[in-house]
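> Pasting the feature list from TrEMBL:
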TRANSMEM  12-34  transmembrane segment
DOMAIN    23-480  domain 'Major facilitator superfamily (MFS) profile'
TRANSMEM  80-101  transmembrane segment
TRANSMEM  113-136  transmembrane segment
TRANSMEM  142-165  transmembrane segment
TRANSMEM  177-201  transmembrane segment
TRANSMEM  207-229  transmembrane segment
TRANSMEM  292-313  transmembrane segment
TRANSMEM  357-376  transmembrane segment
TRANSMEM  382-402  transmembrane segment
TRANSMEM  456-477  transmembrane segment
Amino acid sequence: MAWPNVFQRGSLLSRFSHHHVVVFLLTFFSYSLLHASRKTFSNVKVSISEQWTPRAFNTSVELPVEIWSSNHLFPSAEKATLFLGTLDTIFLFSYAVGLFISGIVGDRLNLRWVLSFGMCSSAFVVFVFGTLTEWLRFYNKWLYCCLWIVNGLLQSTGWPCVVAIMGNWFGKAGRGVVFGLWSACASVGNILGACLASSVLQYGYEYAFLVTASVQFAGGIVIFFGLLVSPEEIGLSGIEAEENFEEDSHRPLINGGENEEEYEPNYSIQDDSAVAQVKAISFYQACCLPGVIPYSLAYACLKLVNYSFFFWLPFYLSNNFGWKEAEADKLSIWYDVGGIVGGTLQGFISDVLQKRAPVLALSLLLAVGSLVGYSRSPNDKAINALLMTVTGFFIGGPSNMISSAISADLGRQELIQGSSEALATVTGIVDGSGSIGAAVGQYLVSLIRDKLGWMWVFYFFILMTSCTIVFISPLIVREIFSLVRRRQAHILRE
């Protein structure tokens, strides 16, 4: 049996230089820091809510209520909590819009500059939002909304840029497992943000924002001076040139043609003048690439489910089972663990098959079953953690694969071969669509829970997961037929 090219040319590690390792780590931790600042906001919501309702702290009988509450922002903690939820929705919508813009900008400017600017500017906005306003005792709802809109736009520079840079350095061979492991950066960022915030929260929530903003700003400086956008920057050949020499690289994992057997393996590499004339593709052209629209619609449904677990899981555990908030926070980490393992393992399997959609389809079908099982979890922490990990494996895993490995595949199709100026745009389209779905989902989850209860929330998750399968069903059928034809051709050759 002829093994796929992920094994055919030896260990993946032997193909990577120290430059690949540095790029992997720098992009990994740059996005982890961006996610850490988001998680910090989630972790200090209780403290912010209390600070914005100073009437609760009035234990002095000497001061009149009017003087004590002269600078209060909300009359009650419930109103403050509602506004914090509004900030989440505002952030997600601005983040979604920013992803479409950042992808286009990233394909036209230096990716290192865009990423570094986004990290440093976002860090400054976070500092103003959470630290400076508290130091000045200046509380204003419109200022907070404007700052969080700007933060969403700046944070959106991260994902399209890091995926494009990774796509420049890591080729199709082994991309699934490499990107599956690398996409754990968001989960690592969540854990990092929780640790940084909890370490200084006793001194005031403003110091939690100060620490994460400072670390993120320092990370942006490191990215500016230390990150290599592509192998060509240091005189190495790009991954396209390398893959054109490889035996099976003309059969991309994302294929725009109906019959992959029609591709001619002995094409020539474009000369330098031709490559130099390639321009960044337009937004419309990127949308018209095969697979971009189906995967964007699918990711809108899947990210809705994945981010709903991110935002609502600790609250669900506390509200539904009566567990302490700290215990629920710790337990919810198992969902991220399942997503990390799922993304890596499913990426590896897709590398072996050289197809992504069938792996996604099987995982999403099993995700429906895991959602049914988790919705009926008993009031037992061990069983709940196990079911949560399984759910994260089958939902978080495909979500990580679509947002990273598949986005890189879509941005490096044979239709735009010779041009790397599509990766960030395509990634922005896919992740932007997902973020719109996630933003809408936060409102719908809250509405469904209030009107119908938690069980109907899980029914909603099952519906969205099923829609994910429906949107990519044409790709699933085509790739399964391709696998069958490949198997038949192999049997005939033997």
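Cβ from N, Cα, C; glycine included.
Predicted automatically and left uncurated, TrEMBL annotations should be read as such.
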> Any contact between the transmembrane segment (113-136) and the transmembrane segment (357-376)? By contact I mean 3+ C-beta pairs closer than 8 Å, pairs at least 6 apart along the chain.
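Judged by the Cβ rule, the two regions do not touch, with the required three close pairs absent.
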> Taking a Cβ cut-off under 8 Å, which residues six or more beyond the ends of the transmembrane segment (456-477) line up next to it in the same chain?
291, 294-295, 297-299, 301-302, 304-305, 308, 357-358, 360-361, 364-365, 367-368, 371-372, 374-375, 395, 398, 441, 444-445, 448-449
> Spell out yes or no: are there three or more C-beta pairs under 8 angstroms between the transmembrane segment (292-313) and the transmembrane segment (382-402), with each pair 6 or more apart in sequence?
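Contact criterion met.
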> May I ask whether the transmembrane segment (382-402) has at least three C-beta pairs under 8 Å with the transmembrane segment (357-376), counting pairs 6 or more apart in sequence?
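Answer yes: the transmembrane segment (357-376) meets the transmembrane segment (382-402) with 3 or more Cβ pairs below 8 Å.
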> Can you work out the mean pLDDT of the predicted model over the domain 'Major facilitator superfamily (MFS) profile' (23-480)?
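Mean model confidence (pLDDT) across the domain 'Major facilitator superfamily (MFS) profile' (23-480) is 78.
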